[in-house]
Amino acid sequence: MYNLRMAESVTEGHPDKIADQLADALLDEFIKKDPYSKVSLEIMVTTGLVMVGGELTTESYVDIPRVVRSVIKDIGYTRPELGFDADTCAVVQSIDEQSPEIALGISSEGAGDTAIVVGYATKEAPNLMPWPITIAHKITKRISEYRKIGKFPFLRPDGKVLVAMIYEDGKPSYVQSIVAYVHHDPDVSINHLRELIIEEIIKKEIPEEFLTEKTSIKVNPTGRFVIGGPVADTGLTGRKIVSDAYGDIGLSGGSAFSGKDPTKTDRSGSYLARMIAKHVVAGGWAERCLVQIGYAFGLTEPVAFDIETFGTEKISKEILEDAVKKVFPLRPAEIIEFLDLRKPIYRQTSVYGHFGKENLPWEKLTKLEELKELLD
């Protein structure tokens, strides 16, 4: 029996990802100066304009236009011909103080928002992530890297990759297709571009066992991609939530991450859920694990908790859930302290996925021995 799984990744110059990076870069700046800042920011980017909106309570001052221009420059929008330029874009702000009713709920160490959060892990890839999203992120990250270091100087910042993979009996078999859309200068030959992207990036980022004669690879199948970035599409925070997470394999709780401080449980709770799922798979108690937690605004305890292992479990669900609840902190305030989330770590999460990066605290297997004492 076989089925198809897919995942999408975008480069850091994609309009929606520009917005996510700006939101998290600003969050980092506020947290750096005031770790207890309450931040909920939304960003819109379009031709020649960045709009920053949201709610904020903090003791710190951040020069928002300066941060915005610095991030846009770092991404690579530094030429007027791109239609969006770090030096000339307008930066408009409309930021209010956080609602006192929301502040009251958080001050009692309750959840800063009502949220369904999910975390997923699978033994497929070395980082215990699904292969489709892992491959997609590897390709887009390499495209951006080669642009920035000047190896492919004709590349522009925007881009997108879609990966479709065939699974047989629940296990990854081969990559069925990859479609890449790569933003480029007008004077590069489309055939030369396609050859370089396919041979120097895509084929080198797919594990050999997944690359077969059945694999279809297409680059810019519609032709030229010269007009890109915010001049071509308006970008908004929170529009790449499946790409931010696990692709189409792991469920999504529906909430976005970027621009939110850790009192927002749709962010911090999702990080803990991933950590739990990763521990379950790393410990050998299941081959796949989906953790779902429900939080309600102002309440200090989760209102729902579930672990799904898709028939791959080596131990009963009841025993597993009981051990997890004993080992991991599930209260919002405890999650923040446990994962040390009042530090400026968020911009790095805003591109190429929030999960699977081994340097992030929720990817560490720090509770594995405690779980083994209860389960082995």
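Backbone N, Cα and C define each Cβ position, glycine as well.
What Swiss-Prot records for HIS14, ASP158, GLY159, LYS160, ARG224, PHE225, ASP233, ARG239, LYS240, ALA256, LYS260 is ATP binding site. Annotation source Swiss-Prot lists Mg(2+) binding site at ASP16, citing sequence analysis. Residues or ranges marked as K(+) binding site by Swiss-Prot: GLU42. The feature L-methionine binding site is assigned by Swiss-Prot to GLU55, GLN98, ASP233, LYS264. Taken from Swiss-Prot, the feature region 'Flexible loop' applies to 98-108, supported by sequence analysis.
The binding-site residues under consideration are HIS14, ARG224, LYS240, LYS264. Their Cβ neighbour counts within 10 Å are lowest for ARG224. Candidate binding-site residues: HIS14, GLU42, ARG224, LYS240. Nearest to LYS264 (L-methionine binding site) by Cα distance: GLU42. Every protein chain considered, the tally of other Cβ atoms within 10 Å of the Cβ of GLY159 (ATP binding site) stands at 28. HIS14 (ATP binding site) falls outside any helix or strand according to DSSP and counts as coil. Annotation for LYS260 (ATP binding site): spatial neighbours LEU27, VAL39, SER40, LEU41, ASP266, ARG267, criterion Cβ-Cβ under 8 Å with sequence separation of six or more. Of ASP16, GLU42, GLU55, GLN98, all annotated as binding-site residues, the residue with the shortest Cα distance to ASP233 (ATP binding site) is ASP16. When the C-alpha distances from ASP16 (Mg(2+) binding site) to the binding-site residues GLY159, ARG224, LYS240 are tabulated, the minimum falls on LYS240. For the binding-site residues HIS14, GLU55, GLN98, GLY159, ARG224, LYS240, a Cα-Cα cutoff of 10 angstroms around the residue listed as 'K(+) binding site' retains GLU55. Recorded residues GLU55 (L-methionine binding site) and LYS240 (ATP binding site) have their alpha carbons 21 Å apart, per Cα-Cα distance.
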